[in-house]
Every structure is written in structure tokens, then in C-alpha cells.
Amino acid sequence: MRVLGVDPGLTRCGLGVVDGGPGRRASLVEVGVVRTPASDEVADRLRAVSEGVDEWLDRVRPDAVAVEKVFSQANVRTVMGTAQAGAVAIVAAARRGLPIGLYTPSEVKAAVTGSGRADKAQVGFMVTKLLDLPEAPRPADAADALALALCHLWRGPALARMRAATPARSPGVPGGRR
């Protein structure tokens, strides 16, 4: 399975692609960052992120996309930009009918380091080891995108099976009962 991980952001949107599957070691396909100047208007920055994500989706042709869930931050402006960039990636994947996994930072950290409280250096170190890279991807947004892709590679299939096994609830009815 090929997974595109997206670490959303307006200034730097990390993108990382890994291949892997049951019984196979994960391998790096590509990693990079879409950058936008802080001086540009938000609409222009979002368009640049959208175009970058579209280009990656068309070129690397992933089987799934993993996006970091936005978490609460003190800086509302930062969290808004992160949420908007994440939404752009989600819509791009949805338009192509790709499965989308959303993961909190602590879920991603736990998946790649064993601890949901790992710092950026620990995540970068483990991504480097897990993908057998000569050095940690830079900037940290790129390493985080690869960590997201690895998280989905390992957790996505199990989550999909759990969703498929859970009975659908009737819409608009609390608890799904009539």
C-alpha cells in the first residue's frame, strides 16, 4: 500500500509518501514541503497548498491519504491556517475517492515512537530508523508527514476493518435505534 502523509500548515505543508504492507518493511517513496510566504493572502496560500497536494496526488498515486487532525492551540490564527490547509488536502483526496485517515499528533507519535508524548526530535529519529534513511528529513514538517504515512500504513487497515464490522446507525436517531 502507498500512503501520502500530510502535515498541514500554511507556511510549510509537509508531504511524505511511503510504501509498505504486511510482512514488508516500509520504504520511502518521496518527501517534501509545500511552502507559502506569510506575506501572501490566505486565499493565495491555500491555492498554493491545494495545487501542491493535487500535483503530489496525481504524480505519486497513493492508495490512501493520512492527514493530521488539528488540535487546540493558544494561537487561533495558527490553528485556523492548519485546519484550512488540512481541509484542502482532505478535499483533494476525497475528490479522487481515496480513503482518508485522520490522526491526532499523539496517535502518530505513539505509532512511530511508542510514546504519545514524544518530541519532534524523537519522531524524526524514529522515521529515519524505520525508513532506513541516512538522516532525518528536514524540515520537521517533512518528517511529520512521513510519520503520518507510517501511522496510517500500520493502523489504517485495522481501523477500516473495525468500521466495516460496526453496524451502521440510523441517521438522525440517537444511538441508532428506532
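Placement of Cβ uses the backbone N, Cα and C atoms for every residue, glycine included.
Going by Swiss-Prot, these are the annotated features:
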- Asp7: active site (ACT_SITE)
- Glu68: active site (ACT_SITE)
- Asp141: active site (ACT_SITE)
- Asp7, Asp141: Mg(2+) 1 binding site (BINDING)
- Glu68: Mg(2+) 2 binding site (BINDING)
All-chain count of other Cβ atoms within 10 Å of Asp141 (active site): 24
Sparsest-packed among the active-site residues, when each Cβ's other Cβ atoms within 10 Å are tallied, from Asp7, Glu68: Glu68
Three-state secondary structure, which DSSP defines for Asp141 (active site): helix
Rounded distance in angstrom between the Cα atoms of Asp141 (active site) and Asp7 (active site): 6
Spatial separation of Asp7 (active site) from Glu68 (active site) - C-alpha basis, Å: 6
Secondary-structure category, per DSSP, in which Asp7 (active site) falls: strand
